[in-house]
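Novice: One structure is given below, represented as structure tokens, and several questions about it will come after.
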Amino acid sequence: LEFDVQMSCQGCADAVRAALDAAPDVKLLELRPQEQSVLVETTAAAERVRELLENSGCRAVLKGMGASSEGERGLRGSRGDPGGVWG
């Protein structure tokens, strides 16, 4: 999941990192304060991750959803048909 996160200083970025590090089901992949962007890998719902980000004191908006090679199977239909959601 990729989020736009309003981070105006290094303290904001540190708070975002701490909030995500405290969640065992969220893995922080990229934290880019200058681009105001956060990329995570998670089994949690996007809304839960957004709440974690906002609880750090920063506004957050889901920017996009993607999948790794392994994760793509989970986004397809249950029989592996291509009718699933792609982001």
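Just so you know, glycine gets a Cβ as well, placed from its N, Cα and C.
Because TrEMBL annotations are produced automatically, they should be read as predictions rather than curated entries.
This is the feature table in TrEMBL:
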COMPBIAS  70-79  compositional bias 'Basic and acidic residues'
DOMAIN    3-57  domain 'HMA'
REGION    66-87  region 'Disordered'
Novice: So how many of the residues in the domain 'HMA' (3-57) end up helix, strand or coil by DSSP?
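Specialist: In the domain 'HMA' (3-57), the DSSP-based counts are 22 helix, 16 strand, 17 coil.
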Novice: Give me the mean pLDDT over the domain 'HMA' (3-57), rounded to a whole number.
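Specialist: Mean pLDDT across the domain 'HMA' (3-57) comes out at 96.
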